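K.L.:
I'd like to ask some things about the structure below.
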Amino acid sequence: MDHTLIPLPKEEILSDKTVYYIEGDGIGPEVWRAARPVLDAAVAKAYGNDNKLQWVELLAGEKGYAETGEHLPKATMEALAGAELAMKGPLNTPVGEGFRSLNVTLRQVFDLYACIRPIKYFKGIESPVKRPDLVDMTVFRENTEDVYAGIEYQSGSPEAKKLIEFLVDEMGANIHETAGVGIKPITPAGSKRLVKKAIDFAIEHSKPSVTLVHKGNIMKTTEGGFRAWGYELAEEEYKGQVVREGEGEDGVIIKDRIADAMFQNVLMYPEQYSVIATTNLNGDYLSDALAAQVGGLGLAPGVNMGDNLAFFEPTHGTAPTIAGKDMANPGSLILSGAMMLEHIGWHEAAALIHAAVETALAEKKVTVDLAAQISGATQVGCQEFGERVLNNL
Ligand code: NAI
């Protein structure tokens with residue numbers, strides 16, 4: 001599987017790499033215990049002593065709070081400010097007034113504006129669709145704007161009333177006074193930098209197309225803006241390298257689809273889609289739906305990336321009901337690590353991991369979540385599944 005994001009110059013490939021890591025809450029510690037030996041062993045197998053991952057732990061979440069009194073300690077934030085590579089386990093969002101999600105805080109503070117998720121089928125997993133093997137897509141989801149920007153006012157609050165009054169009185173809008181209100185900001189700059197990452201990726205990896213997914217037929221100024229700015233960027237910066245759908249075949253095809261049609265299309269014609277660039281909310285829905293299409297929500301890797309820092313993480317949460325029971329699937333963290341290895345140009349090590357995971361799945365001795373999806377499978381624990389992948393390297 002080709003998960004490279006931005007290739008580094010050759011001279012930077014043979015070296016040690018510092019990876020800052022956060023263990024995470026819930027199943028975090030156990031999936032790390034299973035995953036990290038796999039990553040180190042794959043690097044050792046591929047490069048002997050030439051390349052090594054230098055792991056530096058950073059405290060965060062419950063462990064951070066227990067040791068420093070802060071969920072995101074100052075030392076962690078300082079280290080990440082100068083970091084290029086980081087990996088994290090899932091972090092709990094404690095329920096309570098005023099507690100911001102740690103994940104959202106990290107994304108905002110380090111401006112990790114692109115959430116990138118490759119979605120490809122692993123043989124042996126039972127999928128709800130007929131041809132999951134045709135799914136080979138990489139979703140680039142904008143991570144900082146849209147209705148996720150956090151500008152929301154509760155129904156009946158003084159803020160909501162004030163805003164509604166302004167919209168009704170000054171702007172002639174028709175909104176009921178009891179409405180809860182959220183704001184959906186989408187900017188040209190925010191859209192263009194995301195689409196740029198997607199087009200760069202497509203060119204770098206000879207992908208056939210980039211599809212802009214939007215709901216611009218209804219939300220013209222925001223989602224429609226995203227579409228228009230995406231095409232604008234393609235025309236301004238990629239002349240000769242990209243071509244609009246229907247206008248030729250020389251270069252990466254740029255096309256767009258309305259989000260609801262896209263959900264149909266990825267089910268019916270997955271072979272027509274490769275790289276997808278989309279707004280925050282659409283991307284949230286679409287990446288989970290696609291992962292389910294290949295039957296592999298438990299195996300889906302991901303990265304949140306800005307211009308400086310790439311923060312790799314599994315896409316699942318802390319799974320509190322199975323935490324500490326040696327039941328979690330470490331696959332998503334292992335594959336996020338493989339994605340990081342591709343990102344730094346260590347393709348051989350990443351390929352070893354993909355092959356080893358595939359073999360482990362074929363052996364049908366898998367964690368509880370996958371056992372439910374593979375007929376004739378036997379359930380094994382988190383640690384044993386990790387060891388199986390390790391032994392298959
Ligand atoms: P979740 O992903 O933790 O769990 C959803 C379901 O999937 C549960 O049935 C769980 O047991 C199962 N599951 C998740 N990961 C698994 C794995 N590796 N192996 C086997 N089964 C697995 O999502 P949920 O319950 O919505 O969230 C729990 C907590 O995690 C919340 O505090 C939430 O804020 C946090 N969270 C953190 C994320 C992150 O750090 N990036 C992402 C999603 C949720």
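Using N, Cα and C of the backbone, Cβ positions are placed for all residues, glycine too.
Per TrEMBL, the features are:
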type	residues	note
DOMAIN	18-389	domain 'Isopropylmalate dehydrogenase-like'
MOD_RES	Lys88	N6-succinyllysine
MOD_RES	Ser101	phosphoserine
BINDING	Ser101, Asn103, Arg107, Arg117, Arg141	D-threo-isocitrate binding site
MOD_RES	Lys130	N6-acetyllysine
BINDING	Asp284	Mg(2+) binding site
BINDING	Asn329	NADP(+) binding site
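Help me see these features in their spatial surroundings.
P.N.:
DSSP assigns Lys88 (N6-succinyllysine) to a strand.
DSSP assigns Ser101 (phosphoserine) to coil in the three-state reduction, placing it in neither a helix nor a strand.
Around Asn103 (D-threo-isocitrate binding site), the C-beta neighbours below 8 angstroms that are at least 6 residues distant in the chain are Leu91, Thr93.
A C-beta separation below 8 Å, combined with a sequence spacing of at least six in one chain, links Lys130 (N6-acetyllysine) to none of the other residues.
The DSSP secondary structure for Asp284 (Mg(2+) binding site) is helix. With a cut-off of 8 Å between CB atoms and residues at least 6 apart in sequence, the same chain places Arg141, Tyr148 near Asp284 (Mg(2+) binding site), listed in sequence order.
Secondary structure at Asn329 (NADP(+) binding site), taken from DSSP and collapsed to helix, strand or coil, is coil. Counting every protein chain shown, the Cβ of Asn329 (NADP(+) binding site) has 27 other Cβ atoms within 10 Å.
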K.L.:
Compare the Cα of Asn329 (NADP(+) binding site) against each of the recorded positions Lys88, Ser101, Arg107 and report the nearest.
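P.N.:
Spatially nearest to Asn329 (NADP(+) binding site) by Cα position is Lys88.
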K.L.:
Relative to ligand 1, which of the recorded positions Lys88, Arg117, Lys130, Arg141, Asp284 have a Cβ found under 6 Å from one of its atoms?
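P.N.:
Passing the 6 Å Cβ check against ligand 1: none.
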K.L.:
In whole Å, note down how far the CA of Arg107 (D-threo-isocitrate binding site) lies from the CA of Ser101 (phosphoserine).
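P.N.:
Cα of Ser101 (phosphoserine) to Cα of Arg107 (D-threo-isocitrate binding site) measures 10 Å after rounding.
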K.L.:
In angstrom units, rounded to an integer, how far apart are the Cα atoms of Arg117 (D-threo-isocitrate binding site) and Lys88 (N6-succinyllysine)?
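P.N.:
Their Cα atoms are separated by 15 Å.
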K.L.:
Determine, to the nearest whole angstrom, how far the Cα atom of Lys88 (N6-succinyllysine) is from the Cα atom of Arg107 (D-threo-isocitrate binding site).
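P.N.:
Lys88 (N6-succinyllysine) and Arg107 (D-threo-isocitrate binding site) have their Cα atoms 12 Å apart.
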